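Asks: The domain 'Palmitoyltransferase DHHC' annotation in TrEMBL covers 142-294. Look at TrEMBL and you will find 63-84, 96-118, 189-212, 258-278 tagged as transmembrane segment.
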């Protein structure tokens with residue numbers, strides 16, 4: 001009987017552990033307590049929650065997904081329409097090579113986007129709770145109770161109010177894929193970012209290449225009358241070139257304006273995607289997620305390239321044998 005006593009406190013206020021159902025004596029001012037038997041953490045002030053705006057957030061996310069899909073399809077179809085006649089006019093090999101690369105990048109990007117957007121982000125494993133005979137000592141160590149899902153959740157699990165569910169190893173909720181990024185789709189999200197960056201870089205290069213072939217000749221007849229030296233001459237020369245470029249744009253066809261838009265949009269988009277990808281890879285390298293980084297719950301992890309290898313499913317390689325700066329990690333970033 002003595003071994004089943006969870007806590008013995010001087011005050012006479014009683015409470016019940018949600019994890020194992022045992023009754024405890026707690027100080028009157030205690031708002032949080034941890035069960036000494038199962039290890040579950042109980043918040044005394046927590047109450048059952050109901051999210052009334054879940055439907056509107058779901059509609060918002062679906063709207064973002066539709067907009068992003070339309071943009072991807074526009075870039076693919078617009079790029080095909082604007083670039084194909086030009087590259088095939090250069091040479092047959094150039095046209096076939098561009099067609100192959102375009103098909104591969106389009107299929108890869110759309111497939112990875114679909115996996116990241118429509119695959120489950122990761123459901124926490126079901127655990128036994130609520131009954132003392134079934135819950136053994138330490139089974140719910142550091143578990144808390146989700147008042148939205150009415151289920152236990154571990155430290156690695158977070159509740160997403162936009163998805164209306166608890167997500168294992170939740171990194172963040174991305175409205176552009178209309179889904180959480182968690183243990184179930186984190187790898188697909190990273191691969192989608194890589195594919196999108198490669199695609200936007202290729203679009204930028206092909207847009208510039210095509211514009212180089214169809215851009216109207218610049219009117220440079222005034223350059224010969226420029227005089228002066230130093231900064232004044234450079235400023236006059238730059239101003240005349242800018243005017244010549246602007247005058248030549250009036251002669252561009254619709255295909256040329258679409259190529260300009262594709263270059264500007266793809267170039268600006270790839271900058272944001274590269275920043276996001278670097279941030280994601282850095283958190284994986286540290287053995288953390290974005291949420292654990294913000295809440296400082298991943299402080300026990302160590303920076304290790306093994307985290308990246310495990311994340312992408314590559315065989316483990318001992319870098320410490322070759323480079324002393326790489327040390328083994330205590331925390332694995334597994335998905």
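In case you wondered, yes, glycine gets a Cβ from its N, Cα and C as well.
Any TrEMBL annotation is an automated prediction that lacks curation.
As the structure is a computational prediction, the values presented were derived from the model and not from experiment.
Give me the structural setting of these features: burial, nearby parts and distances.
Replies: This prediction places the mean pLDDT of the domain 'Palmitoyltransferase DHHC' (142-294) at 84.
Long-range contacts of the transmembrane segment (258-278) within the same chain: residues 75, 78-79, 81-83, 190, 193-194, 196-197, 200-201, 203-204, 207-208, 210-211, 214, 252, each at least 6 residues beyond the stretch ends and with a Cβ under 8 Å from a Cβ of the stretch.
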Asks: So which residues does the transmembrane segment (189-212) touch in its own chain, when a touch means Cβ under 8 Å and the partner is 6 or more beyond its ends?
Replies: 75, 79, 82-83, 86-87, 98, 101, 105-106, 108-109, 112-113, 115-116, 171, 174, 177, 181, 256, 259-260, 262-263, 266-267, 269-270, 273-274, 276-277, 280-281, 284, 311
Asks: Six or more residues beyond either end and a Cβ under 8 Å away: which residues meet both conditions relative to the transmembrane segment (96-118)?
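Replies: Tertiary neighbours of the transmembrane segment (96-118) are 65, 68-69, 72, 76, 79-80, 83-84, 87, 177-179, 181, 185, 188-189, 191-192, 195-196, 198-199, 202, 206.
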